[in-house]
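K.L.:
Annotations for this protein, taken from TrEMBL, read as follows:
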type	residues	note
DOMAIN	1-259	domain 'Major facilitator superfamily (MFS) profile'
TRANSMEM	59-81	transmembrane segment
TRANSMEM	110-130	transmembrane segment
TRANSMEM	137-162	transmembrane segment
TRANSMEM	168-192	transmembrane segment
TRANSMEM	204-224	transmembrane segment
TRANSMEM	230-255	transmembrane segment
C-alpha cells in the first residue's frame, strides 16, 4: 500500500490507528472508483504503456539487455552448428561426402551430445544460486567466464590439425563455456523477464522480451555460416568473446537485482523474496542514478576488493535500492490511452 499511498499523496510517517484507518478507507474508495470507471487496455495499448511509462521502460531495458546478451554470448551459434564445429576441429575442413560414413563426423555428433549434456547438468547450480545470490550476481559471475572460455576455444583452433591435443582442448573449453552459460545467462533472462513488469503489463513485456531473444537467434542462424567462411572459427569465437564483454557492461549498468534487493534488506546473506511493491521501488530508481551508482560506488569497491585484494577495503556497499532512501524519483502517471 505504500506505493499507492505515495501516488495519492497520503502521508506514511508513523500514522496513528485512526489515521491508518482513514488512509486505508481513502485508498480503498479511490481504487474502487478507478476500477469502476477504467476501461481494460487492449494488447496494443499495453505495448504502448511498456515504452511510455518510465518504470516500465527500465524494466523492458533490463529484460531486453538480458535477452540480447544471451545471443551476444554466441551460445546459439555453437548449438546450431556444433557438429560441423567439432568436425572442423578434428579435420580442419568439412569434406563433401557421406557424413554418416565419416567417423570424424560421428565423433563430432557425440561431442555435440556432450554440449547438450553439459547444458542440462549445469542448470542445477542456477536453481541453487538464483534465489540465494540473485539474478544479477549470476550474470556478473558467469559472463566473464564465458568470455575467457570463448577466447580460449578460439585460440585453440590455432593448434595444428596434426596435433592430437587440438580437439580435446577445444572440447574442454567449449564444455566450460556451456557450463558457465547454463549456470547464468541461460536461465536468468527468462526468470528476470517474467518478474520485472507490473502484473498488468507482464504478458506483453515478457512476450516482447522473448521476441528480441528469438529475433537475435534468427539473425545468428542466417549470418554465422557466412561470417565463419570469411574469418574462420577462431575469428568467430574471438568476436563472441568480445561481445561477451559488451554483454557484461550492459548487465552491469542496466540490469537491476530482483532477488534479495528488498527495501530494508541487508547487504549480505541469502536472498529473500521481493514483493511487487518493492519491484516498483527497484525500477523507480532512474536509469542515470542506477548507472552512476554502479560507476561511482560499486565499481571502485569491486576493484579494490576483488582485484587489489585490499584488506582495508570497507564492507560491500549497500544495495542501490537502500541507498536511494529518499526515494526522490519522480512519480510517474499512467498516460491516457485513447
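Any Cβ shown, glycine's included, is placed from N, Cα and C.
A description of the local structural setting of each listed feature is requested, covering burial, neighbours and distances.
P.N.:
When pLDDT is averaged over the domain 'Major facilitator superfamily (MFS) profile' (1-259), the result is 82.
Sequence-distant contacts of the transmembrane segment (59-81), counting only residues of its own chain at least 6 positions beyond either end whose CB sits under 8 Å from a CB of the stretch, comprise 50-51, 115-116, 119, 139, 143, 146, 150, 174, 177-178, 181, 185-186, 188-189, 192-193, 196-197, 205-206, 208-210, 212-213, 216-217, 219-221, 224-225, 228, 236-237, 239-240, 243-244, 246-247, 250-251, 254-256, 283, 287.
Counting only same-chain residues 6+ beyond the ends of the transmembrane segment (230-255), those with a CB under 8 A from a CB of the stretch are 61-62, 65-66, 68-69, 72-74, 77, 85, 88-89, 135-136, 139-140, 143-144, 146-148, 150-151, 153-155, 157-158, 185, 192, 224, 287, 290-291, 294-295, 299.
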K.L.:
In terms of Cβ proximity under 8 Å, which residues at least six beyond the ends of the transmembrane segment (137-162) contact it?
P.N.:
66, 69, 73-74, 89-92, 126, 129-130, 169-170, 173-174, 176-177, 180-181, 183-185, 188, 232-238, 240-242, 244-245, 247-248, 251-252, 255, 257
K.L.:
Should anything in the same chain at least six residues away from the transmembrane segment (168-192) have a Cβ under 8 Å from its Cβ atoms, list it; otherwise answer none.
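P.N.:
Contacts of the transmembrane segment (168-192) (Cβ under 8 Å, skipping residues fewer than 6 from its ends): 62-63, 66-67, 69-70, 73, 75, 78, 85-86, 89, 111, 114-115, 118-123, 125-126, 129-130, 135, 138-139, 141-143, 145-146, 149-150, 152-153, 156-157, 159, 209-210, 213, 247, 255, 258.
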